[in-house]
Amino acid sequence: MGDIVQMHFTTVDYVIFALLLVASTGIGLFYAFSGGRQKTTQEFLLADRSMSCLPVSLSLLATFQSAVAILGAPSEIYTHGTQYWFLGCSYFLGLLIPAHIFIPVFYRLRLSSAYQYLELRFNKTVRICGTVTFIFQMCSSTNGQYLLRLLTYIAVTGFDLWGAVLAMGLVCTVYTTLGGLKAVIWTDVFQTIVMFAGQLAVIVVGTHQAGGIGEVWRRAQNGSRISGLELNPDPLERHTFWTLGVGGIFLMLALYGVNQAQVQRYLSSRTEREAIMSCYVVFPCQQIVLALGCLMGLVMYARYGEDSPLDKGYVQSNDQMVLYFVMDVLRDLPGLPGLFVACLFSGALSTISSAFNSLATVTMEDLIKPHFPTMTEARATLLSKGLALGYGLVCLAMAYIASLMGSVLQAALSIFGMVGGPLLGIFCLGMFFPCANSIGALTGLVAGLVMAFWVGIGSFVARMQTSGLPVPDTTDFPDMGNTTAVVMTTLMTSMPTGVQALYSLSYMWYSAHNSATVVVVGLLVSLLTGPWKEKELTPGTVFPVLGTLLFFLPERYREKLCCVTPLENKVRKILQQILQVFYIPDCSRGFIFNSSPQILAGLCYAYLL
């Protein structure tokens with residue numbers, strides 16, 4: 001496999017990698033034994049709702065910027081050119097919509113779990129189904145399969161693979177279990193800095209060795225790697241402006257709008273304003289990260305051109321080729337290869353620790369607390385820590401099992417990761433359509449999941465069948481991996497028809513397609529089984545965006561189709577009712593009710609500006 005001896009780490013590289021693990025553990029220990037010492041579920045799961053804008057925004061970025069994505073963007077640019085850069089266009093609405101629609105609803109309801117919203121809007125059954133779907137997604141795909149992919153990628157460094165993954169998994173589990181969400185957020189801040197430093201080191205050194213940024217650009221242009229604006233509206237085309245700029249919006253909404261890991265960070269903010277500002281701060285950071293990934297791909301092309309290490313057999317995948325490039329460029333600079341691998345592991349730690357904490361939160365808040373309302377705070381906190389520890393061990397077990405059972409199981413785990421779209425759909429159904437009822441919500445969710453698995457399994461089977469046929473223009477269908485990763489595929493050159501067209505759908509449209517299925521089916525079933533009226537719903541659970549967009553319709557029609565009452569007026573109205581009926585003198589911080597948990601959570605907007 002080429003000059004593999006030169007690809008091994010030095011002692012300095014191992015020291016830098018070890019410092020990353022020690023620093024991450026240290027942050028967890030610091031928050032475990034400082035402040036409130038994680039003695040309440042409020043502090044352990046929501047950082048006592050005390051976080052400021054900057055650490056929350058960097059944590060949002062780190063959770064999104066996984067190690068697989070750090071490797072995927074450069075390999076995408078190297079192979080297909082800069083068309084992928086247009087994904088940045090989706091960041092505008094992909095962050096503005098969560099900032100001004102999802103965050104106000106979630107924050108004003110004072111939730112701990114995003115899935116509490118589903119009970120307030122529909123019923124407990126919908127809440128449990130949403131929670132179980134999320135847990136299934138995170139355990140099967142995002143964790144175990146993610147670690148396995150990272151293990152495969154770092155093979156070219158000569159690293160002790162399972163030793164590194166085991167160390168990372170245990171460190172991640174320790175600081176998440178001991179330090180809670182506050183430790184997760186502050187380690188994300190540290191790990192984000194490491195990620196930026198690792199990427200910049202490779203770009204600066206690689207650009208210098210290539211002869212400067214002008215030479216890098218010239219070689220990329222000569223190699224047709226600088227792409228223009230592709231306006232082909234065909235949804236089967238893998239990457240066009242529409243698939244990236246429009247389809248990417250739904251992908252961003254699934255990640256930043258309703259994903260528990262991100263919602264939990266919004267809810268940990270001190271005020272609603274700071275939660276909204278965190279979306280604004282993360283926007284330029286995401287653009288920078290995207291630009292760094294694309295620049296690294298161009299620098300890699302300037303170094304290898306069409307004579308790639310993959311073609312020479314030095315590596316086995318495009319993503320491995322990025323690490324080979326890093327080791328090749330930085331091999332004469334001890335410590336810098338270790339810095340970049342520390343960058344990758346920082347992305348891994350931030351993504352997986354967020355998964356552990358969010359899984360512990362939804363399990364405690366959605367599955368345990370409702371059935372044990374008299375549980376003491378101390379016992380609930382201890383159980384939350386045990387859940388975080390348990391999910392960490394499950395993650396490592398999934399990675400190990402997947403490594404033993406081969407590519408079929410790995411592909412199956414990837415398909416399970418496609419349920420983000422249906423979850424986005426059920427939240428949109430509840431938040432934008434007051435006529436939607438609980439029967440429609442459940443039916444829509446099931447239909448969305450069936451569609452997601454149908455497309456995922458069908459694409460996988462079609463790809464397996466086609467790969468064995470010795471005919472020209474064979475199809476390489478999209479990889480069903482983590483949606484935050486860049487999937488390396490090519491689609492049919494001939495126009496597929498019927499079901500094959502559905503299997504050939506660009507992976508960037510998966511979230512939009514599956515969420516639209518939930519909304520359409522949910523609305524149809526709701527209309528057939530008796531639509532709900534806005535005045536019958538828990539106040540604050542419907543956002544009046546459609547009522548504003550359909551201003552040209554008579555009010556009686558808008559009242560039937562969508563919400564027409566502004567969210568702020570709803571909150572003020574219900575606060576007035578609370579003051580009149582359940583008034584408590586010290587109302588500057590909250591209100592106390594002798595009421596059911598559903599009414600309490602729905603009516604108690606316990607935050608006065």
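Note: Cβ is positioned from N, Cα and C throughout, glycine not excepted.
The following features are taken from TrEMBL:
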type     : residues : note
TRANSMEM : 53-72    : transmembrane segment
TRANSMEM : 84-107   : transmembrane segment
TRANSMEM : 128-147  : transmembrane segment
TRANSMEM : 153-176  : transmembrane segment
TRANSMEM : 239-258  : transmembrane segment
TRANSMEM : 279-302  : transmembrane segment
TRANSMEM : 339-362  : transmembrane segment
TRANSMEM : 382-402  : transmembrane segment
TRANSMEM : 408-432  : transmembrane segment
TRANSMEM : 439-462  : transmembrane segment
TRANSMEM : 515-531  : transmembrane segment
TRANSMEM : 537-553  : transmembrane segment
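Distant neighbours of the transmembrane segment (239-258): 60, 64, 80, 83-84, 86-87, 89-91, 93-95, 97-98, 101-102, 114, 229-233, 279, 420-421, 423-424, 427, 483-484, 506, 508-512, 515; these residues of the same chain sit at least 6 beyond its ends, with a Cβ under 8 Å from one of its Cβ atoms. Contact between the transmembrane segment (537-553) and the transmembrane segment (339-362) is not supported: fewer than 3 Cβ pairs lie under 8 Å, counting only residues 6 or more apart in sequence. Contact check: the transmembrane segment (279-302) against the transmembrane segment (53-72) gives at least three Cβ pairs closer than 8 Å, residues 6 or more apart, which meets the contact criterion. The transmembrane segment (339-362) makes no contact with the transmembrane segment (84-107), as judged by fewer than three Cβ pairs under 8 Å among residues 6 or more apart in sequence. Non-local neighbours of the transmembrane segment (439-462) in the same chain are 118, 121-122, 125-126, 129-130, 133, 411, 414-415, 418-419, 421-422, 425-426, 429-430, 475, 477-478, 480, 499-500, 502-505, 510, 513-515, 517-527, 529; each lies 6+ residues outside the stretch with a CB under 8 Å from one of its CB atoms.
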